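Among the features that Swiss-Prot reports, Fe(3+) binding site is placed at HIS73, HIS75, HIS243, ASP318, with the record citing sequence analysis. What Swiss-Prot lists as Zn(2+) binding site is HIS73, HIS75, HIS243, ASP318. Annotation comment: Swiss-Prot describes ARG82, TYR145, HIS178, GLN246, SER323 as 4-imidazolone-5-propanoate binding site, evidence class sequence analysis. The N-formimidoyl-L-glutamate binding site annotation in Swiss-Prot covers TYR145, ASN320, GLY322 and is backed by sequence analysis.
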Amino acid sequence: MSWDQVWIDVNVATMDPSISAPYGAITNAAIAVKDGKIAWLGPRSELPAFDVLSIPVYRGKGGWITPGLIDAHTHLVFAGNRANEFELRLKGATYEEIARAGGGIISTVNACREADEAELFDLGRQRLNALAKEGVTTVEIKSGYGLDTETELKILRVARELGQHHHVDVKTTFLGAHAVPPEFKDNSDGYVDLIINKMLPAVIAENLADAVDVFCENIAFNLEQTERVLSAAKAAGLQVKLHAEQLSNMGGSELAARLGAKSVDHIEYLDEAGVKALSESGTCAVLLPGAFYFLRETQKPPIDLLRQYGVPMVLASDFNPGSSPICSTLLMLNMGCTLFRLTPEEALAGLTLNAAKALGIEENVGSLVVGKQADFCLWDIATPAQLAYSYGVNPCKDVVKNGKLVHQ
């Protein structure tokens with residue numbers, strides 16, 4: 001057989017739902033890679049003969065291989081920090097109170113408007129490197145800290161540039177409807193007009209976004225405004241997604257389902273009607289335990305209902321300076337289990353196969369199947385559950401991206 005590399009002495013958590021074993025596991029396995037794709041995968045005893053002198057062979061020492069991790073919700077391109085707000089919250093101020101007083105997102109907006117692309121790129125690269133060291137091979141990056149055309153484009157350009165200069169694949173999302181900027185404080189409809197008539201066409205003209213998102217909440221945009229933005233995005237051929245039901249239930253999830261959104265994110269206040277709508281539309285539910293933890297929330301997402309209706313559950317870091325300044329997907333695995341009571345298998349699916357579904361890339365990544373992209377990680381663990389169980393010592397030993405060993 002003519003392959004580019006072979007991995008042996010490994011166990012593989014394929015996350016392939018067609019394999020009935022937990023995690024889609026194949027023990028005592030082997031993987032062969034050719035032209036950036038998985039060319040062979042199965043028990044080591046069934047591996048076809050190959051020329052060991054001409055093909056690199058990597059030995060996993062009994063460790064576990066999983067698909068490369070996918071962080072499907074981040075805001076990692078930003079300047080400044082909001083440690084002062086952290087102190088205010090610890091003194092009793094709420095997220096909404098800080099936002100209504102001009103803090104929150106707006107303080108980061110001011111920092112991003114002042115920063116140039118080089119500064120934003122350097123900051124973003126540091127954060128992307130941190131995720132990559134934990135086995136992340138694909139990440140979604142949102143804008144939303146510009147709230148004017150120039151800065152929104154600047155953030156998206158930086159996100160695209162990060163993807164061009166890093167082995168991690170970057171999917172970009174235009175989130176101009178993240179908050180109402182100060183200059184439109186009493187005219188949110190006017191700002192929505194600006195998003196639809198000027199920002200979105202400019203984003204499309206430079207091919208800067210794969211999807212469009214809206215923060216649908218009382219402190220941001222109402223249902224009518226949300227639908228206007230997402231309908232315009234859909235008409236332009238872009239995927240749509242939604243921040244919804246984080247602080248209240250406004251029916252955003254049902255709107256997302258009706259529009260065929262790829263995902264609805266946060267969803268702490270999601271009700272059964274919303275869950276049913278997501279199930280019927282195939283929309284993913286993105287769980288963000290980092291924000292739940294950092295904001296000290298108490299309303300948990302309806303995990304049992306999501307299970308009951310078979311809604312794909314995604315885990316993501318929501319890395320951002322205000323509500324989840326936590327640049328770690330491995331910690332999300334632990335938090336997803338300890339805070340939301342996911343099983344370790346559900347948590348890992350949330351950072352692999354279901355995360356790929358949320359980004360619309362499940363045909364290429366998210367599980368280990370012959371013909372899919374060779375994105376995978378070797379972990380020094382005895383069982384896949386260990387990834388969610390323990391935190392603090394990074395067990396990621398090797399990362400293969402597009403068939404190339406990028407971290408060892």
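Backbone N, Cα and C atoms are what each Cβ position is placed from, and that goes for glycine too.
Owing to the predicted nature of the structure, the values given are computational and were not obtained by experimental measurement.
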At the Cα level, what's the spacing in Å between ARG82 (4-imidazolone-5-propanoate binding site) and GLY322 (N-formimidoyl-L-glutamate binding site), rounded?
6
Looking at the binding-site residues HIS73, HIS75, ARG82, HIS178, which one has the fewest other Cβ atoms within 10 Å of its own Cβ?
ARG82
C-alpha of ASN320 (N-formimidoyl-L-glutamate binding site) to C-alpha of HIS75 (Fe(3+) binding site): distance in Å?
5
GLN246, ASN320: which of these binding-site residues has the sparsest Cβ neighbourhood within 10 Å?
ASN320
If you count other C-beta atoms within 10 angstroms, which of the binding-site residues TYR145, ASP318, GLY322, SER323 is the most crowded?
TYR145
Neighbourhood of HIS243 (Fe(3+) binding site), C-beta criterion under 8 angstroms, separation at least six:
ASP213, VAL214, PHE215, CYS216, GLU217, ALA220, GLY252, VAL264, ASP265, HIS266
Compute the centroid of the Cβ atoms of HIS73, HIS75, HIS243, ASP318, then list the same-chain residues not in that set whose Cβ lies within 8 Å of it, in sequence order, for the Zn(2+) site.
THR74, LYS142, ASP265, HIS266, VAL286, LEU288, ALA291, ALA316, PHE319, ASN320, SER324
Could you state the CA-to-CA distance between HIS75 (Fe(3+) binding site) and TYR145 (4-imidazolone-5-propanoate binding site) to the nearest Å?
9
Tell me the coarse DSSP state (helix, strand, coil) of ASN320 (N-formimidoyl-L-glutamate binding site).
strand
Report the residues of the chain - excluding TYR145, ASN320, GLY322 - with C-beta within 8 Å of the mean position of the site's C-beta atoms, for the recorded N-formimidoyl-L-glutamate site, in sequence order.
HIS75, PHE78, ARG82, ILE105, THR108, GLY144, PRO321, SER323
Could you tell me the C-alpha distance between HIS178 (4-imidazolone-5-propanoate binding site) and GLY322 (N-formimidoyl-L-glutamate binding site) in angstrom, no decimals?
13
